[in-house]
Amino acid sequence: MLSSATFKLQPTATGLTENHRLRLFSGSSNVQLSQEVARYLGMDLGPMIRKRFADGELYVQIQESIRGCDVYLIQPCCQPVNDHLMELLIMVDACRRASARQVTAVIPYYGYARADRKTAGRESITAKLVANLITQAGANRVLAMDLHAAQIQGYFDIPFDHVYGSPVLLDYLTSKQLHDIVVVSPDVGGVARARAFAKKLNDAPLAIIDKRRQAHNVAEVLNVIGDVKGKTAVLVDDMIDTGGTIAAGAKLLREEGARQVYACATHAVFSPPAVERLSSGLFEEVIVTNTIPIPESDRFPQLVVLSVANLLGETIWRIHEDTSISSMFR
């Protein structure tokens, strides 16, 4: 279901006029999210033609003058990631050549973020390559949400604003008034994320699932570090891809005596067989955001989808007005 519980902000982005020269455009990957962001900002999405030629090449044309404007292009690089990334690059290039004063690539989900380093010889660091492409296309700034690896910010030599979906998720969890919460990291690498999450939930205790990955998209869960018996376990991650890690973690938590298990993640990648794993009865709820569009065929009764449109809209407005973004997350 799409929950009405969203991150509540005191809207500063009201009464936009032509004099502000702020323009908002959407790629094809998540038009609904872009429309919600535009609604928060009290403006319309800019007109743009997007089409595909017979040979598969993409074409983009901005349908209004943006000369001297502060332009924001919303395009999560989700499946099909290569098409959506290429479309973003073309949009950025089109705006630069149209003499926009500043072009900001708003990337709610940054594709290729898991390829942030070499883990074996003769591999590409694709996250860095994507950063180079976006910069060379002409972007002046990037706004992204919940990067898989925070150090990706350092791959850019242009301003990079990194925002978090946790306020939206926390607002919803708080509204449920859950008791005896323990926040669980599905692996050692996510401990910092889970610890920050737990601190916002009245310093809830922390547990860690110790696992060792045998191959890509395959994880072997070994044991739980921490006490989860009789508690409401909240598994926290940045994304759910095939669901193998988080489902195996939930199964182990149940075996260790957890009373309830919730899953929270910003990005719902949901590659097969994620839906099958997540809807198998292991979770009370699977709570995600709408950074990536979720088709009806991938929805199931335990799924809760929260909107990050207000958060993104407020961030865009603050960038445009040169005001603080970090104060939103204190």
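Heads up, the Cβ atoms here are built off N, Cα and C, so glycines get one too.
Per Swiss-Prot, ATP binding site is recorded for D55, G56, E57. Among the features that Swiss-Prot reports, Mg(2+) 1 binding site is placed at H148, with the record citing sequence analysis. Among the features that Swiss-Prot reports, Mg(2+) 2 binding site is placed at D187, with the record citing sequence analysis. Residues or ranges marked as active site in Swiss-Prot (evidence: sequence analysis): K211. What Swiss-Prot lists as D-ribose 5-phosphate binding site is R213, D237, D241, T242, G243, G244, T245.
Projection of Swiss-Prot feature records onto the structure.
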{"residue": "D55", "record": "ATP binding site", "Cβ within 10 Å": "5"}
{"residue": "G56", "record": "ATP binding site", "Cβ within 10 Å": "7"}
{"residue": "E57", "record": "ATP binding site", "Cβ within 10 Å": "10"}
{"residue": "H148", "record": "Mg(2+) 1 binding site", "Cβ within 10 Å": "19"}
{"residue": "K211", "record": "active site", "Cβ within 10 Å": "18"}
{"residue": "D237", "record": "D-ribose 5-phosphate binding site", "Cβ within 10 Å": "24"}
{"residue": "D241", "record": "D-ribose 5-phosphate binding site", "Cβ within 10 Å": "17"}
{"residue": "T242", "record": "D-ribose 5-phosphate binding site", "Cβ within 10 Å": "19"}
{"residue": "G244", "record": "D-ribose 5-phosphate binding site", "Cβ within 10 Å": "19"}
{"residue": "T245", "record": "D-ribose 5-phosphate binding site", "Cβ within 10 Å": "23"}
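A Cβ within 8 Å of the Cβ centre of D55, G56, E57, the residues given for ATP, is found for these other residues of the same chain: R52, F53, A54, L58. According to DSSP, D237 (D-ribose 5-phosphate binding site) sits within a strand segment.
In sequence order, K211, D237, T245 are the recorded positions from E57, H148, K211, D237, T242, T245 with a C-alpha within 10 Å of the C-alpha of D187 (Mg(2+) 2 binding site). Comparing the Cα of D55 (ATP binding site) with the Cα of every entry in K211, D241, G243, G244, these being the recorded positions, the smallest distance points to D241. Fewest Cβ neighbours within 10 Å among the binding-site residues D187, G243: that distinction goes to D187. In terms of Cα spacing, the recorded positions K211, D237, G244, T245 that come within 10 Å of H148 (Mg(2+) 1 binding site) are D237. According to DSSP, T242 (D-ribose 5-phosphate binding site) is assigned to coil rather than to any helix or strand. Annotation note: the residue listed as 'Mg(2+) 2 binding site' sits in a coil segment as assigned by DSSP.
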